[in-house]
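Student: Can you keep this structure in mind? I'll have questions shortly.
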Amino acid sequence: MTRLSVNINKIATLRNSRGGDNPNVLKVALDCERFGAQGITVHPRPDERHIRYQDVFDLKEVVTTEFNIEGNPSEKKFVELVLANKPDQVTLVPDALHAITSNAGWDTVKNRSELIDLVQIFKSAGIRVSVFVDPDENMVEGAKICGADRVELYTEPYAAGYFENRQKAVLPFIRAAEKAREVGLGLNAGHDLSLDNLHFLKQSIPWMDEVSIGHALISDALYIGLENTVQMYLRELEL
Ligand SMILES: CC(=O)[C@@H](O)[C@H](O)COP(=O)(O)O
Ligand SMILES: NCC(=O)COP(=O)(O)O
């Protein structure tokens with residue numbers, strides 16, 4: 001079974017744009033769980049442009065499914081945040097400070113000693129550790145050597161190549177996923193997964209443990225919910 005963890009960063013982005021508390025990230029997290037999501041993912045960044053550090057503490061109090069915190073562990077504040085909240089899973093992502101979004105996985109060979117120390121810190125706190133990697137068998141093997149429990153395959157290149165040639169786009173992911181299975185690592189995937197490309201990925205790699213999806217899922221929620229919402233507002237204008 002592949003579990004769906006909903007990334008609610010975009011809800012926080014919308015909330016922050018007005019400075020109030022609408023939409024409320026806790027309500028959305030609880031609704032996602034009520035509608036069947038098996039996990040909630042957040043990716044706090046140092047500038048707190050979407051999920052704030054306080055959100056993580058608040059979510060930890062209410063989330064009852066798998067809680068997954070993603071972020072760059074080179075930031076001391078991130079390590080402290082994760083250890084203070086003890087989520088089910090931490091996903092280590094090497095994102096640059098000013099990048100719009102995550103755009104690459106770890107080089108698990110070059111960063112081996114840093115990753116070994118970090119993985120150990122989180123694992124000794126009882127937190128499952130997933131390492132975000134490009135679909136490269138050496139990087140998957142490197143994550144295993146670092147002591148990780150899982151890898152998360154960075155699926156942006158798959159999503160980008162899907163419409164041109166989905167067989168070609170998925171091939172490096174199948175190879176990386178096979179390597180993860182061979183070395184005994186759990187397998188997550190995420191970034192730019194959508195209603196267009198998700199099913200084929202699942203068919204190609206049925207043993208994925210988890211996908212985390214935010215941007216497209218929240219956008220779809222707007223598209224799919226818009227008709228009902230406009231009708232409700234129109235009804236309020238009837239005498
Ligand atoms: C780790 C990853 O793949 C990202 O997708 C991330 O979690 C999303 O972050 P943003 O919502 O900030 O783009
Ligand atoms: N780990 C990936 C994630 O949480 C969501 O990525 P996206 O669907 O927002 O691109």
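Glycine residues also receive a Cβ, built from the backbone N, Cα and C atoms like all the rest.
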Student: Name the one residue among Thr2, Thr65, Thr91, Thr101 that TrEMBL lists for the same 1-deoxy-D-xylulose 5-phosphate site as Arg45, His50.
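Tutor: The one candidate that TrEMBL places in that 1-deoxy-D-xylulose 5-phosphate site: Thr101.
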Student: Among Asn7, Asn228, which residue does TrEMBL annotate as binding 3-amino-2-oxopropyl phosphate at the site that also has Arg18, Asp192, Gly214, His215?
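Tutor: Candidate listed by TrEMBL for the same site: Asn7.
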Student: Give the sequence-ordered set of same-chain residues, not counting Arg45, His50, Thr101, with Cβ within 8 Å of the centre of the Cβ atoms defining the 1-deoxy-D-xylulose 5-phosphate site.
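Tutor: Along the chain, the qualifying residues are Asn9, Thr13, His43, Pro44, Arg49, Ile51, Ile100.
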Student: Checking the recorded positions Asn7, Arg45, Thr101, His191, Asp192: which ones have Cβ within under 6 Å of ligand 2?
Tutor: Asn7, His191, Asp192
Student: Run through Asn7, His43, Glu70, Gly214, His215 for me and report the recorded positions whose CA is within 10 Å of the CA of His50 (1-deoxy-D-xylulose 5-phosphate binding site), in sequence order.
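Tutor: Passing the 10 Å Cα cut: His43.
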Student: Please check the recorded positions Glu70, Glu152, His191 against ligand 1 and give me the ones with CB under 6 A, sequence order.
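Tutor: With ligand 1 as the reference and 6 Å as the Cβ limit, the list reads Glu70, His191.
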Student: Closest of the recorded positions to Glu152 (site 'Transition state stabilizer'), Cα to Cα, picking from Arg45, Glu70, His215?
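Tutor: Going through Arg45, Glu70, His215 one by one, the closest to Glu152 (site 'Transition state stabilizer') is Glu70.
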